[in-house]
2 protein chains.
Amino acid sequence: MSDPLRLGIAGLGTVGAGVVKIVRQKAALLAERTGRPVTISAVSARHRDADRGVSLSDYAWEDDPVQLAGRDDIDVFVELMGGSDGPAKAATEAALRAGKDVVTANKAMLAHNGQALAELAEEQGRVLRFEAAVAGGIPVIKALTEGLAGNEITRVMGVMNGTCNYILTRMESAGLTYDEAFAEADGLGYLEADPELDVGGIDAGHKLSLLAAIAYGTQVAFDSVELEGIGKISIDDIRQASDMGFKIKLLGVSRMTGRGLEQRMAPCLVPATSPLGQLDGGTNMVVIEGDQVGQIVMRGAGAGEGPTASAVMGDVMDIARGTRLSTFGQPASSLRAATAAKSATPAPFYLRMSLVDKPGALAKIATVLGEVGISIDRMRQYGHSEGAAPVLIVTHKSARDALDRALEAMADTGVLASDPVVLRIEEV
Amino acid sequence: MSDPLRLGIAGLGTVGAGVVKIVRQKAALLAERTGRPVTISAVSARHRDADRGVSLSDYAWEDDPVQLAGRDDIDVFVELMGGSDGPAKAATEAALRAGKDVVTANKAMLAHNGQALAELAEEQGRVLRFEAAVAGGIPVIKALTEGLAGNEITRVMGVMNGTCNYILTRMESAGLTYDEAFAEADGLGYLEADPELDVGGIDAGHKLSLLAAIAYGTQVAFDSVELEGIGKISIDDIRQASDMGFKIKLLGVSRMTGRGLEQRMAPCLVPATSPLGQLDGGTNMVVIEGDQVGQIVMRGAGAGEGPTASAVMGDVMDIARGTRLSTFGQPASSLRAATAAKSATPAPFYLRMSLVDKPGALAKIATVLGEVGISIDRMRQYGHSEGAAPVLIVTHKSARDALDRALEAMADTGVLASDPVVLRIEEV
């Protein structure tokens, strides 16, 4: 049997502890599959004495992850600290410079620094792998980078934030308001310390930007992801959507279009009978479409100790077996800078608005839409309440920029009682 | 850029032609992703002059695939001929002996000769890859072998024969009899030359046996797959199952149990609301359960030119990138001979029987079940027709061997008007 593959693990939260458990409890299985033992030499975390449910006494301890990254007795630096910059990035860079391979679960770090880190890894002849950064236990980075490498990828979609999906599912199934469902998720510990990372779509946007880089051979472009959170979704939207056969999901979509790279993470309507529409609770789903393979759907747990540790170990096992891949599936120098194409692809839209109680209000809205060339598929006006009339419009397929012009013009009509809610209907 | 990776392709049916098209039309993309050109040196098929929708004039021609396999100007032998033995196996062996890597879509060859071929590949220091042999375009071999390599796999399930799923779906959606749906599938060209390969579960059983070898580190044991075809399923079964909230699917299930390896490819009832239950038409789905990751579901096209060629190219791209893996994910010498455990795991069962029109007939059946310790969850007796009464029984979770004893005892009671239909209800 070959030399052991020696890990140094920085960050011993849920995922880090999960990785330690797998390495300890499955030593024989891992060695059988890779032909070499997988071992841990040293670990690092903020607090040495926390009870993590697993013994660390066999491993050297480093207070400083940068020191850990450079140790002579590790081959792979496993970065599970999180944070887009700061210690995670410093230690990752130190590890690559010291000739270590790196496995990370850190979507924020890669969304902000992916290109620079991929270039550094290649300069150093090391690999930087990140299966655990996207969609938890679902081996989607591997599927996209390797399994579907013979395809031109035409679209990548995903529900990749379990917390948002939990909130939206609870609003629908239990009739909770957004605030009630948010509070419930908070009570269950589902929210990040900064909840905006979840409900603002930022965390899921990070993940989408990493998938897009692989899919289209472009440099990670998180800054050009169009982000919309779920905070504007009301129980009314959930119910109206349901009446029309749709579910509302925080859906990421990326496409390479003639105008450039389209990346959007926003609440969308999807058919209730589609796999995405049927995805309830904290589960994740990624849909990849290729010109050869058609549509591939992958579903699984998007977070949690076991699933995320499983993804980390997938990368570790690859390295143990000698698999060497470019970070984003092709040399970093060959990744093109992407031109951002905002919402280039036309779609039907769902509009919910509240009109002032004046004669001709609805006519004014319909006229504005007609003037920008948007035709209406369905329109419903509900009974007045508190001096305003709820109106629901579903458009035929429309360009987003035309819709934006219409929304501006609507604001000038003086008939809107509040800002309209605009949701894209994604064909899946 | 490195030296080209040179392919020799044997078999130019739909899939072979699809692979040629990808290599020709996506040369730049493939080279960008792997860092080296992927080219075709030579091809072979039974008929040289067939129109395959793609030019072959750039490639050398071999009438004999064994000659092709040994050519000096190929690095990878791509076996797309099919057949468990004969030319496919001879050429695969010749290629490995000549120091070529092999990519194949041939589930029958590997189900019958997987262990010997994996051993030969390792003796020769070559890789033998087969993503396209299982579930078409779904990169499930890669997910199981690599992405989930940190898991102890607890169950693998799959709907992996699109033709059977098409027939069962049409019986349900259009109310066709089995014979009518079979004829329709035949007219659409969905059936193999020997239809029993499809409707007898053999083709899907081949695939299941390959997944089990990877999942449990065992030698391929197709001979111990419990096979049941879909020919016994009647429109009544489809309707009764539907009334109770189930769909009938030709479902493969494998588990490693305390008694040994359980592998079964048989029509089963699954909850109508589960991902497996919602799988309609020719689509495939594979469900992998691991002790860390929980449940991963993968769905996509199980056949066809593009999807299958996509899977072949996934393997080719791996080889071009220098990825070297054992055929079944660990050295062939370390794969254990599996002890077959027939239906070791208890399950609820669906029984449909036809009882003779005599007083006490139903009581005799209920008594027999009680005597072997099987308790009844639901029982329905329908109106007599033609002197027999249809009876439907759903049991609580029961051991299959107890059920088999009950079935034997029922036959002795003289109250059965025909052989009962017995279907397992799989928890998914």
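The backbone N, Cα and C atoms fix where each Cβ goes, and this holds for glycine too.
What TrEMBL records for B:LYS207 is active site, proton donor. The number of other Cβ atoms within 10 Å of the Cβ belonging to B:LYS207 (active site, proton donor), over all protein chains shown, comes to 29. DSSP classifies B:LYS207 (active site, proton donor) as helix under the three-state reduction.
Around B:LEU12 (NADP(+) binding site), taking its Cβ as the centre, 23 other Cβ atoms fall within 10 Å, counting all chains. The NADP(+) binding site annotation in TrEMBL covers B:ALA10, B:GLY11, B:LEU12, B:GLY13, B:THR14, B:VAL15, B:GLY16, B:ALA17.
What TrEMBL lists as NADPH binding site is B:LYS107. With a cut-off of 8 Å between CB atoms and residues at least 6 apart in sequence, the same chain places B:PHE130, B:ALA133, B:VAL134, B:ASP203, B:HIS206, B:LYS207, B:LEU210 near B:LYS107 (NADPH binding site), listed in sequence order.
Sequence-distant contacts of B:GLU192 (L-homoserine binding site), defined as residues of its own chain at least six apart whose C-beta falls under 8 angstroms from its C-beta, comprise B:THR163, B:ASP198, B:ASP203. Look at TrEMBL and you will find B:GLU192 tagged as L-homoserine binding site.
Residues annotated as domain 'ACT' in TrEMBL: B:350-428.
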Number of Cβ atoms other than its own within 10 Å, given for B:ALA10 (NADP(+) binding site): 27
Cβ contacts of B:ALA17 (NADP(+) binding site) (under 8 Å, same chain, 6 or more positions away): B:ARG52, B:GLY53, B:VAL54, B:GLU305
Count of other CB atoms lying within 10 Å of the CB belonging to B:THR14 (NADP(+) binding site): 16
Residues that sit under 8 angstroms from B:GLY16 (NADP(+) binding site) by C-beta distance, when 6+ apart in the chain: B:ILE9, B:ALA10, B:VAL43, B:ALA45, B:ARG52, B:VAL78, B:LEU80
Among B:GLY11, B:GLY13, the one of these binding-site residues whose Cβ has the fewest neighbouring Cβ atoms within 10 Å: B:GLY13
Chain-mates of B:ALA10, B:GLY11, B:LEU12, B:GLY13, B:THR14, B:VAL15, B:GLY16, B:ALA17 with C-beta within 8 Å of site centroid, NADP(+): B:ILE9, B:GLY18, B:VAL19, B:ALA45, B:ARG52, B:LEU80, B:MET81
Residue distribution over DSSP helix, strand and coil in the domain 'ACT' (B:350-428): 25 helix, 29 strand, 25 coil
For B:VAL15 (NADP(+) binding site), the number of other Cβ atoms found within 10 Å of its own Cβ: 25
